[in-house]
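In TrEMBL this protein carries:
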- 1-26: compositional bias 'Basic residues' (COMPBIAS)
- 47-62: compositional bias 'Low complexity' (COMPBIAS)
- 147-285: domain 'Potassium channel inwardly rectifying transmembrane' (DOMAIN)
- 292-464: domain 'Inward rectifier potassium channel C-terminal' (DOMAIN)
- 1-71: region 'Disordered' (REGION)
- 89-111: region 'Disordered' (REGION)
- 182-203: transmembrane segment (TRANSMEM)
- 256-280: transmembrane segment (TRANSMEM)
Amino acid sequence: MDNKNSHARWHPHHHHHDNHHHHHHLNNMIQHSNSNRNNTDHRDHSNSNLNNTLTTMTTTSDDTQKELLSDSSLGNDLRRFSLPTTISTSMCHSSSETGDHHSSGHLSSAMGGLDQQAPVAAVAGVGGTITTVTRSKRKTAPLPRLVGKNGQVNLFLDNIDRRQYVRDLFTTMIDIKWRYNLMAAAFGFVFSWLFFACIWYAVLYFHNDLDHENDPAWSPCIVNVHSFPAALLFSIETQSTLGFGSRIISVECPGAIVIFCIQLIFGVVVECLIVGMVFAKLSRPTKRSQTIMYSKYATVCLREAKMCLTFRVGDVRSKSHIIGATLRASLVSSKLTKEGELIPFYHHNLNVIIDDNCKNSLLLIWPVTVVHVIDESSPFFKLNSDELANFKFEIITVLEGTVESTGQSIQVRSSYLPSEVKWGYRFEPIVSTHGYGRYAQTIIDYNKFNRIIEVSTPKCSPMEYYANERALESEATATPIIVEE
């Protein structure tokens with residue numbers, strides 16, 4: 001009881017100190033509450049601005065999005081939530097309605113849990129709108145050129161069963177370099193000589209000719225062959241039909257006659273294979289393809305009031321031409337499907353023409369300019385000059401035909417990168433005439449084959465250019481309304 005009373009008893013000095021402490025603690029609580037209220041109001045205000053910004057960005061154009069992102073206050077909010085610059089929306093109803101504060105917190109947690117390798121992520125928005133936010137990926141190094149200017153394909157095939165090349169041995173021997181062909185030919189001859197030398201030496205051994213080297217009464221299988229070097233010389237003389245000399249086969253060994261016939265047939269087969277390989281390698285049309293020239297650059301310019309992509313092709317031979325030449329062009333770039341699958345080499349065929357309505361066939365007697373009209377079906381239809389320069393692609397061209405002199409098929413490849421496509425240029429004329437009358441000649445100056453000259457070309461995209469042209473035509477053809485007073 002005394003203890004309780006002692007605790008219940010109070011002193012005026014202690015009461016004053018406790019009141020002061022309680023007042024100080026109460027003031028701290030009020031200030032903290034006000035601070036939290038201000039922070040909450042500021043966060044709610046920021047979240048409201050952010051949600052309004054997201055809603056505005058999803059319904060505006062790309063230029064408007066850039067203006068919104070450039071705003072300092074909104075940019076801070078976007079950076080606070082680590083939002084990328086590419087934002088799109090898909091209108092659908094959310095499963096529950098939440099407040100701005102809960103929605104913004106859900107947005108922040110969703111953005112924080114995104115995987116860096118995930119291409120897209122869905123987070124809750126405002127008013128039943130699901131905002132799909134595309135993650136900005138790290139910049140990767142540009143892909144190397146797939147097809148070189150000389151037509152060489154720059155691909156390395158890894159993890160391949162090398163036995164497949166052995167099954168197609170003839171093609172493998174043609175594709176390898178000359179030094180390996182010569183090494184293979186030398187190895188084939190030397191191996192066959194040594195192989196049959198071992199067989200001949202075995203014949204001598206089992207017939208006991210080695211033990212009767214100086215016995216004049218002994219009849220050996222092979223005369224004057226008593227060692228392995230002598231057997232090797234006999235093998236070389238037999239296979240190459242140089243003549244036996246003092247080393248000949250006797251009638252004492254019928255089996256030696258059979259081996260002799262087998263070696264002759266084997267030697268003829270080896271020689272035919274080597275000669276055929278060398279002939280096929282020499283007669284390949286790859287050397288003929290080096291006389292087909294592609295222009296160093298491709299150009300984008302106006303031609304017959306149409307935006308066109310052009311490049312040149314020429315044959316420097318004037319005696320033996322390419323028969324039935326056709327040309328195809330494809331645009332290769334990477335593509336990300338809606339399901340998130342990355343296609344690294346996505347092909348898009350480019351419609352090319354030569355002059356008027358000549359589809360992809362060309363008469364390659366003189367240099368021709370190949371034209372791709374940039375229309376609605378072209379992948380360049382919505383790209384302006386700056387976007388084309390930043391667009392990662394490769395134009396691969398393939399020319400096929402038949403060599404007139406040999407009748408063999410030929411394929412010539414080349415490619416153009418974005419840095420090799422010049423906007424606002426066209427090719428300089430290279431054809432001129434010299435002389436008069438029957439002495440007149442048409443001169444083609446290949447020194448100007450790669451030269452381009454700058455011409456007046458709109459910098460806008462072909463889609464915008466055609467739209468402006470149609471608008472001008474509609475204004476010009478509009479019938480004026482005459483109002484009588």
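Cβ from N, Cα, C; glycine included.
Curation plays no part in TrEMBL annotations; they are all automatic predictions.
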Same-chain residues at least 6 beyond the ends of the transmembrane segment (182-203) with a Cβ under 8 Å from one of its Cβ atoms are 173, 221-222, 225, 228, 231-232, 234-236, 238-239, 253, 255-256, 259, 263, 266-267, 270, 273-274, 277-278
Per DSSP, the domain 'Potassium channel inwardly rectifying transmembrane' (147-285) contains 85 helix, 4 strand, 50 coil
On the domain 'Inward rectifier potassium channel C-terminal' (292-464), the mean of the pLDDT values is 91
